[in-house]
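Participant: Per Swiss-Prot, ATP binding site is recorded for G61, E62, D63, G64, S65, G66, K67, T68, and the stated evidence type is sequence analysis. The compositional bias 'Polar residues' feature in Swiss-Prot is assigned to 371-381, 452-469, 482-492. As annotated by Swiss-Prot, compositional bias 'Low complexity' applies to 400-412. Sequence annotations record features per position, and here Swiss-Prot assigns compositional bias 'Basic and acidic residues' to 471-480. The feature phosphoserine is assigned by Swiss-Prot to S194, S383, S391, S443, S446, with similarity to another entry given as support. Annotated omega-N-methylarginine per Swiss-Prot: R397, in sequence order, evidence recorded as similarity to another entry. Positions annotated as phosphothreonine by Swiss-Prot: T441. Annotation comment: Swiss-Prot describes 187-206, 371-423, 437-492 as region 'Disordered'.
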Amino acid sequence: MAPVGVEKKLLLGPNGPAVAAAGDLTSEEEEGQSLWSSILSEVSTRARSKLPSGKSILVFGEDGSGKTTLMTKLQGAEHGKKGRGLEYLYLSVHDEDRDDHTRCNVWILDGDLYHKGLLKFAVSAESLPETLVIFVADMSRPWTVMESLQKWASVLREHIDKMKIPPEKMRELERKFVKDFQDYMEPEEGCQGSPQRRGPLTSGSDEENVALPLGDNVLTHNLGIPVLVVCTKCDAVSVLEKEHDYRDEHLDFIQSHLRRFCLQYGAALIYTSVKEEKNLDLLYKYIVHKTYGFHFTTPALVVEKDAVFIPAGWDNEKKIAILHENFTTVKPEDAYEDFIVKPPVRKLVHDKELAAEDEQVFLMKQQSLLAKQPATPTRASESPARGPSGSPRTQGRGGPASVPSSSPGTSVKKPDPNIKNNAASEGVLASFFNSLLSKKTGSPGSPGAGGVQSTAKKSGQKTVLSNVQEELDRMTRKPDSMVTNSSTENEA
């Protein structure tokens with residue numbers, strides 16, 4: 001064991017192990033402080049990179065333009081309920097890189113201007129910098145597009161002016177928006193990870209930092225917030241071509257005016273179709289890019305007439321002039337409503353439904369009509385009352401038409417064969433008696449008694465005829481009495 005003095009000498013030596021121990025303690029403290037600093041820095045960085053929760057989207061459009069259906073589709077719901085006044089829903093936003101979620105508020109204003117006062121509940125002076133505006137235009141009715149956009153843009157401008165934002169703050173918002181518009185960079189082809197916006201420059205000449213000046217008609221109506229013009233129901237382009245004889249010239253003219261409007265407000269333009277699910281995913285990605293700064297790599301699309309996409313900052317007057325090269329019957333400066341005319345309203349022709357009239361009412365009308373008509377003699381009424389000049393027609397000689405129809409309860413009397421036999425026997429007796437008379441009167445007599453015989457012949461002829469008539473009457477009454485007795489027996 002070493003002496004105590006020696007141990008003290010070792011510990012207290014000027015260049016001994018004591019100096020090394022103190023150095024180790026200092027290095028450990030520095031490492032601990034650096035560790036805590038890195039942890040705090042990481043926490044603060046994560047806090048700053050967390051998705052904000054106060055972002056909002058404000059949607060304007062006419063009734064029936066499909067704005068609620070569009071936002072409901074972006075939300076992921078199949079069917080949305082149509083509200084009144086000011087509708088609210090939200091979009092779920094997920095950042096895969098940071099594994100973070102948030103909700104983006106969506107406010108949809110009613111198409112009736114009566115409800116524009118409700119904007120104060122959706123946008124305030126504090127929330128305006130965190131707001132994205134969407135103007136919805138109905139492409140199935142292109143004659144209403146420009147008027148609708150101008151109307152809703154003026155409504156938004158009026159509301160912003162009423163909020164009484166300090167001029168310094170408003171100018172700052174406008175300068176920031178101009179810078180974002182000028183800093184647009186089209187993504188490189190085949191580069192999926194390149195951001196749409198130009199990042200901070202680490203090297204390069206001063207010329208790269210100089211922004212290009214704005215054109216004459218660019219950002220003349222700067223609202224200080226991003227604006228997006230969405231044309232819905234673009235699947236109706238084929239219907240316009242068939243039913244309203246729209247040609248490529250009409251579609252280019254519409255697109256030209258839309259792009260000019262977007263240049264004035266620094267807005268993006270996108271054609272969509274919920275029915276065909278066209279450009280819906282593209283619209284969602286562009287919204288979260290403008291709102292949360294997500295990477296966006298889709299360039300401008302102008303080839304398809306019903307799937308146009310023009311991001312904010314890409315367009316200019318020279319690119320729009322390319323559309324004017326195909327104009328033959330219209331000029332670029334012509335008024336929109338002069339060429340895109342509202343078609344006349346076609347009245348639908350329906351088969352008129354005939355209601356059955358009440359029977360009594362119908363009969364009363366016929367009776368009143370007959371009463372108003374003058375009485376005119378008819379052929380049927382003249383026939384029975386013909387004068388002496390007419391043909392002597394008796395009622396008993398009527399044809400089959402004059403025979404009255406017998407009712408089911410009336411029995412038809414059958415002819416009796418005995419009557420025919422009696423008539424035949426009467427004829428035989430009459431001829432027999434006549435032959436006898438002729439023989440008696442025609443017998444030869446004395447010639448001198450010719451005058452007496454003729455006189456006697458006349459008187460005797462009358463007597464015989466009267467006797468014959470009496471005999472015939474008697475014989476006629478006898479068969480009738482026999483028929484009557486036989487019928488009485490049958491009834492009994």
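Note that Cβ sites are derived from N, Cα and C of the backbone, with glycine treated the same way.
I'd like to know what surrounds each of these features in this structure.
Facilitator: There are 24 other Cβ atoms within 10 Å of the Cβ belonging to G61 (ATP binding site). Following the DSSP three-state reduction, the secondary structure of G61 (ATP binding site) is coil.
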Participant: Test of understanding: give the count of other CB atoms lying within 10 angstroms of the CB of S65 (ATP binding site).
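Facilitator: Other Cβ atoms within 10 Å of S65 (ATP binding site): 26.
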Participant: Highest CB neighbour count within 10 A among the binding-site residues G64, G66?
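Facilitator: The largest 10 Å Cβ neighbour count belongs to G66.
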Participant: Ranking the binding-site residues E62, D63 by other Cβ atoms within 10 Å, which is at the bottom?
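Facilitator: Ranked by other Cβ atoms within 10 Å, the binding-site residues E62, D63 bottom out at D63.
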Participant: Give the helix, strand or coil assignment DSSP yields for G66 (ATP binding site).
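Facilitator: Note: G66 (ATP binding site) is coil by DSSP, not helix or strand.
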